[in-house]
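Noted in TrEMBL for the protein shown:
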type    : residues                                                                                          : note
BINDING : Ser56, Thr57, Arg58, Thr59, Gln83, Arg107, His134, Pro135, Cys136, Gln137, Cys266, Leu267, Arg294 : carbamoyl phosphate binding site
BINDING : Asn165, Asp225, Ser229, Met230                                                                    : L-ornithine binding site
DOMAIN  : 3-147                                                                                             : domain 'Aspartate/ornithine carbamoyltransferase carbamoyl-P binding'
DOMAIN  : 153-304                                                                                           : domain 'Aspartate/ornithine carbamoyltransferase Asp/Orn-binding'
Amino acid sequence: MTHFLDINTTSPDDLRSMIDSAKSMKAARNGRPKGAPDDDQPLAGHMVALIFEKPSTRTRVSFDVGVRQMGGQTMVLSGADMQLGHGETIADTARVLSRYVDLIMIRTFEEQTLLEMAEYASVPVINGLTNRTHPCQIMADIQTFEEHRGSIKGKKVVWCGDGNNVFASFAHAAGQFGFDLTFSGPPPLDPEMVFVEEARAKGSKVEIVRDPVAAVDGADLVVTDTWVSMHDPQSARERRHNQLRPYQVNEELMSHAKPDALFMHCLPAHRDDEATSAVMDGPHSVIFDEAENRLHAQKAVMRWCLGV
Ligand code: CP
Ligand code: NVA
């Protein structure tokens with residue numbers, strides 16, 4: 001079974017082929033109406049379940065549109081409305097859904113839910129975000145970087161802010177695609193060191209630099225994300241804001257990166273918290289290309305999972 005669970009559990013060759021396929025599928029759609037089907041229909045006759053235990057705009061719409069462009073059909077399911085949300089085991093849910101659908105994408109809280117879904121499903125399972133990782137986002141981000149600047153290998157990526165699930169997938173990608181990664185944030189919000197150590201073991205230079213100005217020196221890409229993720233308690237909001245304010249990505253901070261550095265944010269953003277609107281709408285920003293590329297990258301991921 002070919003699941004797409006994380007970037008570190010997918011081989012570098014397979015990741016590369018998915019990025020290349022995403023780029024060529026994007027080129028093939030140039031100038032076409034968004035609802036128009038692709039010339040080839042590799043998902044014809046396929047039914048895809050999209051399960052959401054958390055809110056989503058990009059993941060939900062990009063997967064749904066991507067399946068339809070490739071000739072397949074989708075059903076979007078809210079975890080709370082399923083028996084899954086009322087005590088049916090994940091294993092039973094996985095076995096039942098596998099009798100109806102050809103592919104499952106799930107956005108969930110605990111990583112264990114994703115892993116159990118994958119263990120008991122007899123169809124491929126895709127990680128649409130857990131509390132720990134967000135691999136589909138980083139596939140789109142690698143595609144976006146390469147469209148603007150060529151290969152990401154050997155480049156310096158700097159993360160400012162919370163060491164969260166999106167950072168973790170960047171760390172996985174650093175190891176698999178061979179780029180360097182600097183984390184800049186306050187110690188209480190450090191990432192899990194396992195992500196850092198795994199990337200280092202694969203040969204990436206991964207540093208923790210507390211001073212954000214020093215961190216972005218020589219950066220080819222500066223990335224941030226919301227200061228309070230969906231799984232974080234809202235009661236932590238004020239404390240996190242106080243801890244993270246020095247790590248805001250603003251024009252002053254961007255002026256210390258390379259002059260042609262890119263700026264990324266997976267969205268949704270809290271404008272003028274983690275990044276200013278001047279940066280988000282400024283010349284370094286590629287945030288809407290990232291959002292668009294969710295569509296193309298995930299189409300490539302789905303084709304890889306299904307072998308079509
Ligand atoms: N970036 C991202 O995953 O956005 P959504 O939460 O809107 O899906
Ligand atoms: N870190 C954010 C990413 C949202 C796409 C969250 O988990 O809420």
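Just so you know, glycine gets a Cβ as well, placed from its N, Cα and C.
What TrEMBL says about a protein is an automatic prediction, not a curated fact.
Projection of TrEMBL feature records onto the structure.
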residue	record	Cβ contacts under 8 Å, 6 or more apart
Ser56	carbamoyl phosphate binding site	Arg107, Gly128, Leu129
Arg58	carbamoyl phosphate binding site	Cys266, Leu267, Ala291, Arg294
Gln83	carbamoyl phosphate binding site	Thr93
His134	carbamoyl phosphate binding site	Asn127, Asn165, Val166, Ala168, Ser169, Cys266
Cys136	carbamoyl phosphate binding site	Phe4, Thr59, Ile126, Asn127, Gly128, Leu129, Arg294, Ala297, Gln298, Val301
Asp225	L-ornithine binding site	Gly161, Asp162, Asn164, Val166, Phe167, His265, Cys266, Glu274
Ser229	L-ornithine binding site	Asn131, Asp162, Asn164, Asn165
Met230	L-ornithine binding site	Lys54, Pro55
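For ligand 2, the nearby binding-site residues are Asn165, Cys266; that is, of Arg58, Asn165, Cys266, these have a C-beta under 6 Å from one of its atoms. Our reading of the L-ornithine binding annotation (Asn165, Asp225, Ser229, Met230) yields a largest Cα to Cα distance of 12 angstrom. Those same-chain residues not listed among Asn165, Asp225, Ser229, Met230 yet with C-beta within 8 angstroms of the centroid of the L-ornithine site C-beta atoms are Leu129, Asn131, His134, Asp162, Asn164, Val166, Thr226, His231, Asp232. Asn165 (L-ornithine binding site) has a Cβ environment of 23 other Cβ atoms inside 10 Å.
Only Ser56, Arg58, Cys266, of the binding-site residues Ser56, Arg58, Met230, Cys266, Arg294, place a Cβ under 6 Å from an atom of ligand 1.
Take the CB of Arg294 (carbamoyl phosphate binding site) and look out to 10 A: across all protein chains shown you find 26 other CB atoms. Cβ contacts within 10 Å of Cys266 (carbamoyl phosphate binding site), excluding its own Cβ and spanning all protein chains shown: 25.
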